[in-house]
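S.K.: Here it is, the structure, as structure tokens.
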């Protein structure tokens, strides 16, 4: 482990400790059997789903993962208190190392798993004080998808070559047009689909949907665009820009899918829980 990785481990460890202090200071842990069962259930579901994750070698990045493990953790975190969500993230990370062992544990990824569980819990537990309307939250999701599409196109335009299997391959004009068209088409279709669902949805369920959209968006920005690309560069030398590029393209598809899949799971669990 080089010095940068050691520094990253220390920084991530300090951030985990500070986050834990904040969580348990403002949201003291209370014994709750139902919460413990819910947390354990979604940890198990996340571990099962992680076995079906697909790894795609793209632009020289062999560890780009396409799967729905994260959405299970987000749903689980949305249903329990922040203190339990913090524990849920740690337990999932530890069990994940046993199910899918790596060379050595990295606290940066542990922090990411904790945040995936804690962010939705904090969002829902502070919902009574939020002043955002359903219209504003829906607009934020639309704007975010448009920005992601624009960023994807910018990356496509400025890169004249891509790295595939450690070899530089020219990114030809027709490839740029094709990739740009796909980004625009996918983003546009999915925005229209989300609005179609919103318009057909009863008003009573609309607030739950827009809250879930905001949670998915926050997770994508904080984890997929923030933490993970940094940790991948520190640990494996994957260029930050290359990692961010493929994640932006991936997000154009995964954000709407996570919204649709996660919302329906959340709705079913809340109905059973009630």
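Placed from the backbone N, Cα and C atoms, the Cβ positions cover glycine too.
Those TrEMBL annotations? Automatic predictions, nothing curated.
Just lifted these from TrEMBL, have a look:
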type     : residues : note
TRANSMEM : 5-24     : transmembrane segment
TRANSMEM : 36-59    : transmembrane segment
TRANSMEM : 71-92    : transmembrane segment
TRANSMEM : 104-124  : transmembrane segment
TRANSMEM : 136-157  : transmembrane segment
TRANSMEM : 177-197  : transmembrane segment
TRANSMEM : 209-232  : transmembrane segment
TRANSMEM : 244-266  : transmembrane segment
S.K.: At least three Cβ pairs under 8 Å linking the transmembrane segment (104-124) and the transmembrane segment (209-232), pairs spaced 6 or more in sequence?
M.R.: yes
S.K.: What parts of the chain pack near the transmembrane segment (5-24), using Cβ distances under 8 Å and only residues at least 6 beyond its ends?
M.R.: 82-83, 86, 106-108, 110-111, 114-115, 118, 230-231, 234-235
S.K.: For the transmembrane segment (244-266), could you work out the same-chain residues 6 or more beyond its ends whose Cβ comes under 8 Å from its Cβ atoms?
M.R.: 58-59, 61, 64, 66, 68, 70-72, 74-75, 78-79, 141, 144-145, 148-149, 151-152, 155, 159, 179, 183, 186-187, 190-191, 193-194, 197, 208-209, 212-213, 216-217, 220, 224-225, 228-229
